[in-house]
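Heads up: the structure comes next, in structure tokens.
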Amino acid sequence: MIRHILLVATREFRQITGTRGFWITLLILPIMLAAGPVIQSIMSRDEIERVMIIDRGDGGVEAAIRDAFEREQQRATLVQLGRYVERHHLESADPQAPWAAHGRWYTDQDVRQFRSNGGLSAALAQIQAVAPPELPAFTAPKPDYSFVAAPASVTATPNAGLDTALHPLLHPDSTSGGVPGGQDGAINYVVLIPADFGTASQVRLWANGQPHGGFVDRLQQVLTHDLRTRFLVTHGTTAEVADAAATITPIVTITAPPPGGGAREAMLVRSILPLVAAYMLMMSLMLSGSWMLQSTVEERSSKLIEAVLSCVTPHELMYGKLAGTIAVGLAMIAVWIGCAFVAAYATHGVIADMIRPALAPLSSPGAVAVIVYFLVMGYIAVSVVFLAIGGISESMRDAQAYLTPVMLIILMPVIALIQGILAGGGGIGIEILTWVPIWTPFAVLARLGLGMPTWEVLGAGATLALFAVVEVMLLGRLFQASILAAGSRPNLATIIARMRRS
């Protein structure tokens with residue numbers, strides 16, 4: 001019996017993997033991983049926007065704006081440098097440096113320390129002292145903004161005439177020249193700080209297009225800080241105290257029961273991998289299940305099934321097809337995970353930095369066992385449904401009539417589940433789906449990233465196993481009774497009757 005099942009499974013595996021659709025589907029993820037850096041460079045904003053500030057006051061506001069934008073640029077450089085140091089294990093260059101600390105937000109104090117220590121050039125000199133010869137060069141992020149000094153002709157123009165004076169700079173044509181300072185191109189933003197700023201709060205901003213939200217937000221933060229400082233100074237507060245009062249923020253510390261202790265025993269996989277596994281399970285199930293359904297219908301409609309059943313029993317045929325389909329799906333997932341490993345550890349860049357921590361749980365045998373268990377049981381629970389549909393369908397048209405509602409019933413809650421998990425939800429709906437066996441694999445895999453009580457993981461796993469046994473038994477009866485019943489379209493009563501037969 002085992003030999004016949006393996007023969008059918010091998011034939012099913014070869015038949016599915018021999019199609020062009022399988023290979024196209026299999027290569028989609030590797031192609032996306034390889035094209036990730038290219039897509040990111042295309043989709044990201046690579047233009048350095050030019051900013052001009054006209055400060056009618058003492059120049060202090062302009063200096064504060066320039067310093068704030070420079071500080072954010074230094075923070076971006078510090079973040080990128082920290083990832084570079086973590087990726088290549090270069091913390092020994094200066095363990096006390098901000099870029100040697102990982103897994104946290106770099107504060108303004110960190111940025112000030114980074115700048116006071118000499119900035120990027122000094123940090124790279126320290127790193128070079130401990131770097132191996134094959135270390136790739138560090139690529140600093142491009143600045144988002146550059147500041148252009150306002151020409152004398154603009155600063156001498158009264159505020160009422162600035163609309164006319166700034167038009168050639170914001171919208172230069174082929175004959176009007178470029179930007180002051182010898183740079184060609186348009187000015188993206190012009191900011192006017194009035195002489196009475198502090199007593200009045202209105203600031204004008206000209207843009208040559210839709211202003212970027214990040215620029216406006218950062219500009220508003222600087223101006224708000226300056227207004228608050230001026231307000232406090234006018235009410236008798238010293239400048240130093242006013243500046244501190246305008247920037248003071250609370251430090252919130254969070255105390256919660258740690259995973260595995262405290263309020264409850266929990267199983268937690270601190271990675272996006274379980275959620276990705278749920279998504280891959282959904283994708284590969286829909287694809288491999290559809291391929292198995294199509295092959296079953298084709299065999300049945302072409303009478304090939306009679307020749308097959310002369311060599312194996314209906315039981316062996318069903319279990320062999322089920323095993324072959326599971327092997328196809330797991331092979332797809334294994335190839336995708338392998339490509340993710342290559343992208344994470346054989347390449348460099350943002351994509352590798354994102355994938356590498358997601359693969360960390362694969363070093364834990366317990367996490368791997370849980371993920372593999374629910375992947376396999378999910379395949380069994382859903383694939384047997386596709387197999388039963390193929391057994392009762394005379395043609396692909398008949399199969400589609402069953403397949404479409406079944407796929408909607410399975411997919412719609414799973415899509416809602418994934419969206420809820422991404423939103424950080426842990427509502428009653430997600431917990432209910434955990435205990436509905438057809439959706440249990442997706443729910444458990446998705447929830448592992450948020451943490452689940454261990455008893456709930458074990459209980460859901462046991463419930464899913466019991467459901468799979470009953471499902472295989474009932475739908476197996478349906479498959480065996482229907483596989484040779486050619487020329488008949490069973491109604492609901494017939495389907496139920498066939499499942500009840502022993």
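Backbone N, Cα and C atoms are what each Cβ position is placed from, and that goes for glycine too.
For 21-43 (among others), the entry in TrEMBL reads transmembrane segment.
What TrEMBL records for 184-470 is domain 'ABC-2 type transporter transmembrane'.
Feature annotation from TrEMBL assigns transmembrane segment to 272-293 (among others). Proximity of distant same-chain residues to the transmembrane segment (272-293), defined by a Cβ-Cβ separation under 8 Å and at least 6 residues beyond the stretch ends, is recorded for 12, 16, 19, 21-22, 25, 321, 324-325, 328-329, 332-333, 336, 358-359, 361-362, 371, 375, 378-379, 382-383, 385-387, 389-390, 393, 399, 403, 407, 411, 414, 417-418, 421-422, 441-442, 445-449.
Taken from TrEMBL, the feature transmembrane segment covers 322-346 (among others). Panel annotation: around the transmembrane segment (322-346), residues 5-6, 8-13, 16-17, 22, 25-26, 29-30, 33-34, 36, 277, 280-281, 284-285, 287-289, 291-292, 352, 355-356, 358-359, 362, 375-376, 379-380, 383-384, 386-387, 472 of the same chain, lying at least six beyond its termini, place a Cβ under 8 Å from a Cβ of the stretch.
Counting residues 6+ beyond its ends, the transmembrane segment (366-389) has Cβ neighbours under 8 Å at 267, 269, 273-274, 277, 281, 285, 288-290, 292-293, 296, 318, 321-322, 325-326, 329-330, 333, 399, 402-403, 406, 410, 437-438, 440-442, 444-445, 448, 457, 461, 464-465, 467-468, 471-472, 475-476, 478-479, 482 in the same chain. If you look up TrEMBL, you'll see 366-389 (among others) marked as transmembrane segment.
Residues or ranges marked as transmembrane segment by TrEMBL: 401-422 (among others). Counting same-chain residues at least six beyond the ends of the transmembrane segment (401-422), those with a Cβ under 8 angstroms from any Cβ of the stretch are 275, 278-279, 282, 286, 290, 293, 382, 385-386, 389, 392-393, 429-430, 433, 438-439, 442-443, 446-447, 449-450.
For 428-450 (among others), the entry in TrEMBL reads transmembrane segment.
Summarising the annotation, TrEMBL assigns transmembrane segment to 457-479 (among others).
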